[in-house]
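Now, the feature entries from TrEMBL:
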type	residues	note
DOMAIN	48-496	domain 'Major facilitator superfamily (MFS) profile'
TRANSMEM	41-61	transmembrane segment
TRANSMEM	102-120	transmembrane segment
TRANSMEM	132-152	transmembrane segment
TRANSMEM	158-179	transmembrane segment
TRANSMEM	191-209	transmembrane segment
TRANSMEM	221-243	transmembrane segment
TRANSMEM	304-328	transmembrane segment
TRANSMEM	340-362	transmembrane segment
TRANSMEM	369-390	transmembrane segment
TRANSMEM	405-430	transmembrane segment
TRANSMEM	442-463	transmembrane segment
TRANSMEM	469-492	transmembrane segment
Amino acid sequence: MLFRLHQAGAGSGGDDNDDEWKMPAVVVSGSGENQEFEGRITVYVIVCVIIAAFGGLMFGYDIGISGGVTSMDDFLKKFFPAVFEKKHHALENNYCKYDNQFLQLFTSCLYLAALIASFVASKVCSKYGRKLTMQIASIFFIIGVILTAGGINIEMIIFGRIFLGFGVGFANQAVPLFLSEIAPPNLRGALNISFQLFITIGILVSNLINYFTTNVHPHGWRISLGIAGVPALMLCLGSILICETPTSLIERHKVEEGRKVLGKIRGVENVDDEFDSIIHACEMAKQVKDPFRKLMKPVSRPQLVISICLQIFQQFTGINAIMFYAPVLFQTVGFGNDAALLSSVITGLVNVFSTVVSIYVVDRAGRRILLLEACVQMFISQVIIGIILFKELKTTGDNLSKGEAIFVVILVCTFVMGFAWSWGPLGWLIPSEIFPLETRSAGFAFAVSTNMLFTFIIGQAFLSMLCQMQAGIFFFFAAWVIIMGAFTWFLLPETKGVPVDAMVDKVWKQHWFWRSFMIEDDRPDVKVV
């Protein structure tokens, strides 16, 4: 069968000094029609995708596991006795039961470590390939699991979380790039969102594990943290079986090996057209010696501003605060520990299935409509949650009634649903498709680092914000949703169906605001899509 490349995938070449988030491209013929490539979906590609996807499972598991573990009494008694006492004090402020900077550091230090590691991982990914970068990520994960699951003091478990963060930084740099480069061209968009799907599955699995280990005394928390080693070990061993991507091989001057691998993953002998397009894309990318300097020019302003804002907005929806601390949040409104963890499992299921919806809808309905609809859905959910807690959950004394607490869970699920088919996956998809080839590496690096920075900020601050702002925390996030909606309505153009390297002519030069920045467009005349 023939695959038509409508949208560039990942991994064009560049010189060794460039951060690697570049994507292969196809040269547009003089007639302006897209080049067709021969190929089919092979079993080998499916195996490679499944193995690499364990990187997403590791990330999702680490997101979900910390909230459940930090609500377990055995864990709190050993490492955070002050929090344990506050949690069980009859007259303690309901909103401040878990307000402890070290407890928040246990969760958030992972993301600060990931932010730092992503810059190193970018260089490793460029010079040594995606496969080795994933192997290094799995080793960091295994070390982190050993330190956290075997922790005997707070310093040991925080160092363990830092190593897990190094793994996240390396995996998030290499795995999406690997998936995009290994996939048939017409599946790159779906696989981009599929990485988010595997993250949500990791979150769900962690919630299920927490639910079953919470009553395993006194070491249930060790089991929860230790099971994170399973996907890490699978990635470590499985990465021995997978190949390096053709783009990575070619950009590292292993041209003939790159051709052989391309034929293997496409399942056909004639891969000349796609091979030539990768060679051409690598040559074009090498023409830009300093992509970061190019990124600072006005012509790159629309893509840079949108990519950074999407990452900030993604975190200020409040989603990670809810996913990190869902069991804690549900205990705050009156659920017991088991019921709180079960409620987290429910929200995890909603997260997974809603992400599947996004995979199906995104190339049919478009990006803007999903983002705007979700803003309405998330705003309504957050405001109602805030009103209920403001009216019914006092700082001391009784929790919400059972019916009110269940209604809060439903509202949280409604919020998660809206996020999971919009700002979650599209926060990664849109930055990957709006940068031209020559600045794609530097631009996406800004997006990744911004996401990790604000994930750290929210993770470190949420429990203190909940204590100080109480129910107002939900109004705070709801206000940000209004800002996000306005930004989307006025400043985010639709990119559905637009070839990646036709964005300047078809999107930015047509937009009422961003077209004023396109005057200095000095990109090469040869176009790629």
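For all residues, glycine too, the Cβ spot is worked out from N, Cα and C.
Because TrEMBL annotations are produced automatically, they should be read as predictions rather than curated entries.
Counting residues 6+ beyond its ends, the transmembrane segment (442-463) has Cβ neighbours under 8 Å at 18-19, 21, 98-101, 103-105, 107-112, 114-115, 118-119, 122, 169, 172-173, 291-292, 294-295, 300, 303-304, 307-308, 310-312, 314-316, 318, 320-321, 324-325, 328, 427-428, 431-432, 435, 473 in the same chain.
The transmembrane segment (369-390) shares the most Cβ pairs under 8 Å with 405-430, out of the stretches 102-120, 132-152, 158-179, 340-362, 405-430. The stretches the transmembrane segment (340-362) and the transmembrane segment (158-179) are not in mutual contact, being linked by fewer than three Cβ pairs under 8 Å (pairs 6 or more apart in sequence). Residues of the same chain lying 6 or more positions beyond the ends of the transmembrane segment (191-209) and with a Cβ under 8 Å from any Cβ of it are 49, 53-65, 68, 175-176, 179-180, 183, 223-224, 227, 231, 323, 326, 341, 344-345, 347-349, 351-352, 355-356, 358-359, 362, 420, 424-425, 428-429, 432. Per-residue confidence over the domain 'Major facilitator superfamily (MFS) profile' (48-496) averages out at a pLDDT of 84.
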